[in-house]
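Here's what Swiss-Prot has on this protein:
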type    : residues                       : note
BINDING : Asp454, Asp460, Glu463, Glu464 : Mg(2+) binding site
DOMAIN  : 39-148                         : domain 'tRNA-binding'
DOMAIN  : 401-476                        : domain 'B5'
DOMAIN  : 701-794                        : domain 'FDX-ACB'
Amino acid sequence: MKFSESWLREWVNPAITTDELTHQITMAGLEVDDVLAVAGVFDGVKVGHVVECAQHPDADKLRVTKVDVGEEELLDIVCGAANCRQGLKVAVATVGATLPGDFKIKKAKLRGQPSHGMLCSFSELGIDVESNGIMELAENAPIGMDFRDFLSLNDVTIDVDLTSNRADCFSIRGLAREVGVLNRADVTAPAVNAIVATINDTISIDVKAPAACPRYLGRIVKNVNVQAQTPLWMQEKLRRCGIRSIDPVVDITNFVMLEQGQPMHAFDLAKIEGGIVVRLAEQDEKLTLLDGSEAKLNADTLVIADQQKALAIAGVFGGEHSGVSTDTKDVLLECAFFAPDHIRGRARSYGLHTDSSMRFERGVDYALQHAAMERATQLLVEICGGDVAPVVAAESAADLPKPNQVALRRSKLDKLLGHAIPDADVVEILERLGMQVETTAEGWQATAPTWRFDIAIEQDLVEEVGRIYGYNNIPNQAPVAALNMNLHNEAKLPLKRVRDLLVDRGYQEAITYSFVEPEQQKLVVPGVDALILPNPISAEMSAMRLSLIQGLLNTVVHNQKRQQPRVRLFEYGLRFIPDAAAENGMRQEPMLAGVISGARGEEHWNMETATVDFFDMKGDLEAVLELTAKGKAYSFAATKHPALHPGQAAAIMVDGKAIGVIGTVHPELERKFGLNGRTIVFEIEWNAINTRVIPEAAAISKFPANRRDIALVVDGNIASGDIVEACRVAGGELLKDAKLFDVYVGKGVEEGKKSLAIALTLQSVERTLEEADIAAAVEAIVQAVSAQFGAALRD
């Protein structure tokens, strides 16, 4: 809501500065976004009267004028504006004046004619008004008056960002009421008396949807001069509120909306066939709107119609064929209360957003319509003339809102505010806000005023008391609470440690949406029904994810399309698994996932560029697993996964259970996602790896370590990791490490077999190992793998 400070002060004028005013209303919950001057910086500009206006003898487009600015002599001024004419009241920049941009007015000669000043346009004075030529002031503008004072240009516009619950402040009336409450100042509304009817013309009003329109007022005004000029004071008030002047009738309805908070509309009476009918639209009924667009109406849209056709979308937008035009003689003024539930969302469904719909869908004061009708009639007669008919009203009292009655407990107020405000102050604040207050045993019973739709529960009253009392007036008091030491579980592996490790290995953390495209998800996790959202952001984000892999693959595609071929990403997040036995039928499992694609390392002149493969990702994942309590107990077993390459996929195993998966993305999936090149992913259950070994101090052996390499021939289908793990178990305390360093298949190795070269590191903490000790340990290892896997030492 943008408004003029000077207009507000016509209603309520507390003894505070502009800065104090904006701070005050911000602290009261009406956040001020911006404060701007209504005009540029200038001085020396006066109201003038063009006494003479003649053609310049040497220039077709210039006029020579004599202008009265209230001084002893008339000023000779040369003007190039086409609308300059004798008798016009104008804004005159006299010699010595300074205009915006530090432009100084001096005596000059234009084509040989003296010019001692300048006749100004709006733009030349930094006033944001679209116009051609110089300003045309009202005939009663006082000659010689300082122009800044004449238009009250020592003013600012204040832009307030109103929350959806404060619809009562979408008007000068509402803002003045709020400022008056904050300052205990009287609010003076303009005097509006009932306009006496001079003709008896009426129109029938048939409200067929009383729940949507409990009150509808109509009044005929005949012989209206729509060619009249909107007074400059009204144009300025509209401009400072962000609304441009259109014609006097529209300007008046806009003015009443801004001043009173009641949207209104004016119809051309000659274009109405029969009477007014307020009804729901027929499905696909068509209406041409004021902007020339055609709307195909839905059956839940309330319309204002006559006996033959729809005239306007109620509370939203008028129709082109019933609006006021330059040929209009008689008008029908409309003033109604539309139920917010029947207006909310209608404008948006037709791609519209209007000042009227914004107010009606939040709630307009349902006691305001008669006063607003009289105010609009008063202004219309003053500006455009006309013969006024009586007001015709159609009302359904049963469908009008009922004032909310809300109980406020003393105990609840003190608990939420943390401060005891005296009873008398609480009552005074609520009454200043327009509420009727009754004292009860536990506190108070307050009846909300007709303009406050947002007062519905006890907390609303607490908020009102708190903000008017002033949150800054509530003393600071530190909460008193016992400090309990939280137990620190050293065995828990911090997520930050894993994040740091992956970042150190060249990964970047990604955060993708938990909402995914359901059909695409079926490619990654087929055969599992995901939770479908009843009200999704979009169709592409309508399912809860079953895996983090989908989001990471889409992120890879996003980066590849932006010339980022090397991608290394990881993500920690939840997956959502339907489970009838779980709370709310859904298991939320924390997962850790990663993806790599592109070159193995950054491009370098001294390094060969190679593409990542399965073992790059496996190495990174093993580094993560090494941090955990079972770092040596994890294994990788070949598996089949619908999203992964059939020959390059493995299940991550621990204690005989699969806790994750790693592998190269299936070529068909690469094609459907639009991936460019080989992409490797992993996903693992976080709860299965989030423990670590508690560090224990131990002596470091001072005796030498011994390495022995063995080559074992085993069946080709036996996993290398199983062989290495068997070596570790059989080696006992002397075996410090066992590492696979070569796999050979070919000449010298029987077909269907493979040779595994394993480095064994043996060491004792008590003594130097003898050759016999080493040989015995190696022999025990060979016998163990031979018995378990049929392995044999390679010759």
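Using the three backbone atoms N, Cα and C, a Cβ is placed for every residue, glycine included.
Feature map: annotations from Swiss-Prot on the structure.
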residue : record              : contacts (Cβ under 8 Å, 6+ apart)
Asp454  : Mg(2+) binding site : Asn165, Arg166, Ala167, Gly363, Asp460
Glu463  : Mg(2+) binding site : Gly29
Glu464  : Mg(2+) binding site : Ile429, Leu430, Leu433, Ile455
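Residue counts for the domain 'tRNA-binding' (39-148) under DSSP, helix first, then strand, then coil, are 5 helix, 48 strand, 57 coil. Under DSSP, residues within the domain 'B5' (401-476) fall into helix, strand and coil as 33 helix, 14 strand, 29 coil. Same-chain residues with CB within 8 A of the center of the Asp454, Asp460, Glu463, Glu464 CB atoms, the Mg(2+) site residues themselves not counted, are Asn165, Arg452, Ile455, Gln459, Leu461, Val462. Across the domain 'tRNA-binding' (39-148), mean pLDDT in this model comes to 91.
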